[in-house]
Amino acid sequence: MKLNPLVSQLALYDIANTPGVAADVSHINSRSEVAGYVGEEQLGKALEGCDVVIIPAGVPRKPGMTRDDLFNINAGIVKGLCSAIAKYCPNALVNMISNPVNSTVPIAAEVFKKAGTYDERKLFGVTTLDVVRAKTFYAGKAKVNVADVNVPVVGGHAGITILPLFSQATPKANLPEEDIKALTKRTQDGGTEVVEAKAGKGSATLSMAYAGAIFADACLKGLNGVPDVVECSFVQSTVTELPFFASKVRLGKNGVEEVLGLGPLSEYEKEGLESLKPELKSSIEKGIKFANQS
């Protein structure tokens, strides 16, 4: 985000180490002024006046952990941060990265509803890393220039809830069915691939930072009135019967300008869509239930 010319002020917040990170990143010769805030008593100051809030907070996955194992720790962190957002920058666009996104986005929505600040156009689950992976893997298999590739990814942001729509991928490559199935599985298991490669030392951070910066840039472009900014994101939706769903979204001055439909699906994708729904539904309900406890 420090490299993004649309950012004028960059506020960093964590429960430890932020002043050092802020000092380090502040030396980069780009436009934004950087401030570091540490500890809960400085959270309000960090959030005041923000147009976009990016939440990557929480613990990373370790080998053998599912995204649900992260749930109790990260859900509590997200709930606290969203209460503060409702108080200090209720009109900000919120980019939720903290996993499990399928549950943390519904948690945020409930917190904002309780505070009377909820605007469904301003809450986003960041699924961009699924898109980034799908593009990379598709380009490798189709032997096309990755810079030209586009692949919509819909559904949610964990395991089988991630549904890349390779039938809509451009440029078209007419890959055989078994390649599409393998690419789909690799996209769904991309996070696990990195967790295992790091052998207990963390999860995807560098590719996630890139994907998070891409999505935040799209939000900033939308706020600045750039036309036709479209990215996939997990948002409140009527595309399916589920209350939240990831699909292409047109971004603008109020956040979500339009949630776009799924477009034509292959038979394989239609099956994938039906099989992901129960799991996604239960993750959403889990988030809502958590948010409404005490």
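Just so it is clear, glycine is given a Cβ too, placed from its N, Cα and C backbone atoms.
Listed in TrEMBL for this protein:
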- 1-125: domain 'Lactate/malate dehydrogenase N-terminal' (DOMAIN)
- Asp14, Asn74, Ile97, Ser98, Asn99, Met208: NAD(+) binding site (BINDING)
- Arg61, Arg67, Asn99, Arg133: substrate binding site (BINDING)
- 127-290: domain 'Lactate/malate dehydrogenase C-terminal' (DOMAIN)
- His157: active site, proton acceptor (ACT_SITE)
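Considering only the binding-site residues Ile97, Met208, the Cβ with the fewest other Cβ atoms within 10 Å is that of Met208. All chains included, 24 other C-beta atoms sit within 10 angstroms of the C-beta of Ser98 (NAD(+) binding site). Spatial neighbours are here defined as Cα atoms within 10 angstroms of one another, and by that definition the neighbours of Arg61 (substrate binding site) among the recorded positions Asn74, Ser98, Asn99, His157 are Asn99. Each of the binding-site residues Asn74, Asn99 was scored by the other Cβ atoms within 10 Å of its Cβ; the lowest score goes to Asn74. Local packing around the recorded positions Arg61, Arg133, His157 was summarised as the count of other Cβ atoms within 10 Å of each Cβ; on this measure the leading residue is His157. Here the CA atom of Arg133 (substrate binding site) lies 10 Å from the CA atom of Met208 (NAD(+) binding site).
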